[in-house]
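Undergrad: TrEMBL lists these features:
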| type | residues | note |
| --- | --- | --- |
| DOMAIN | 6-51 | domain 'F-box' |
Amino acid sequence: MEETSTVLAQQLPEEIFFEILLRLPVKSLLKFRSVSKSWLSLISSPLFNKTHVNFSLNNPQMTDYRLAVVASVSKLGRICNIYNMGFEKDSFFTVVKHSNPAKSLSLSAKILGSCNGLICLTSDKFTLMLFNPCTGNFNVFPDSMLKDNGGGCYVRYGFGYDVSNEDYKVVKIFSFPLAEGRYENMVKVYSLKDKSWSIIEGFNSGNINGKLGVFVNGALHWEVCYSYCSSDCWEIVTLDLAAGQYGKIALPRYEDEGIYWTLGVSRGYLVACCNYEPKKADMWVMKEYGVEKSWTKLVTMSLPVDRRDYISPLFVTEKGDEVLLQLGAELMQYNTRNASFKRLDDFMSGDFRQVQMATYFESIASPHI
């Protein structure tokens, strides 16, 4: 078998053989690693790993997207599971249960973000984890703490990739309340390459409502609210992981009434949802990153009467006719063609105390550098 595959590879120019492998599903690549030592060496190489991720990012129509659901369950013991959900043409998606990826993933495990097919999680054991659901590989490293000054602080996370330094980074923001609804933010960054935490320049802002930074176009994004008397002003605060610089992006225009913004990413696009209390929500997509005029309203949704939480965008199909949403602890599908909601929670059984969701695309990215 090894000899046959080696001959086959040698019959093709190296660059063509490389390009053929790039277009194969991750599931096939994982199987082909056992064909021969030469194939294993090629598919496992950092160059192929990096090129395969870039190919997936630049060719979303050929990329397999999934949804990870970390669900903490309290019933006859405590476990956490990950559900891989594949988006299919006929039924939108299918569900496959994934077992607990590691013993360090505890009841209070939380998703911190996803990037390049990797999911970043935290647990109550003061550790963080990078996990590839496709390969099953994971990397555990210490979280960073900060001595409280007595006034209390809020913590926000973000996870993304610094393309200039070829380094995965975790960002942790400690927000200390100031006067008039403003906050002083101290920021720490973990470098997977350096295997260490460092303090970078902080910033002042309003209340960072987004608990998790959304990674798009090399930067992390958090929705921020400034409270002025009886009205609120919202904007997006960004952190470029390569340059280490902060920025701002204006949100689309919204009606002057009770609102709450949530952010998401779908197929590489920044998505924003404006929740109007209590009846409707507008979904927006930034068609051209960084160009505020490119905000395009996808749909206005009349919300279910039994709504108990805000809508967060998870995934938008290429045609924009179906939207995957998180509504509190529930997974919902919205069909823009007939303005209908469908609750997709039949796979959730047991006493779920906490449910978190994050989309990702299949890759062979390594959680180690």
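Each residue, glycine too, has its Cβ placed from N, Cα and C.
TrEMBL labels come from automatic prediction, so no person has curated them.
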Undergrad: Mind tallying the domain 'F-box' (6-51) by DSSP state, helix then strand then coil?
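TA: Counting residues by DSSP class gives 35 helix, 0 strand, 11 coil.
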Undergrad: In the predicted model, what is the mean pLDDT computed over the domain 'F-box' (6-51)?
TA: 85
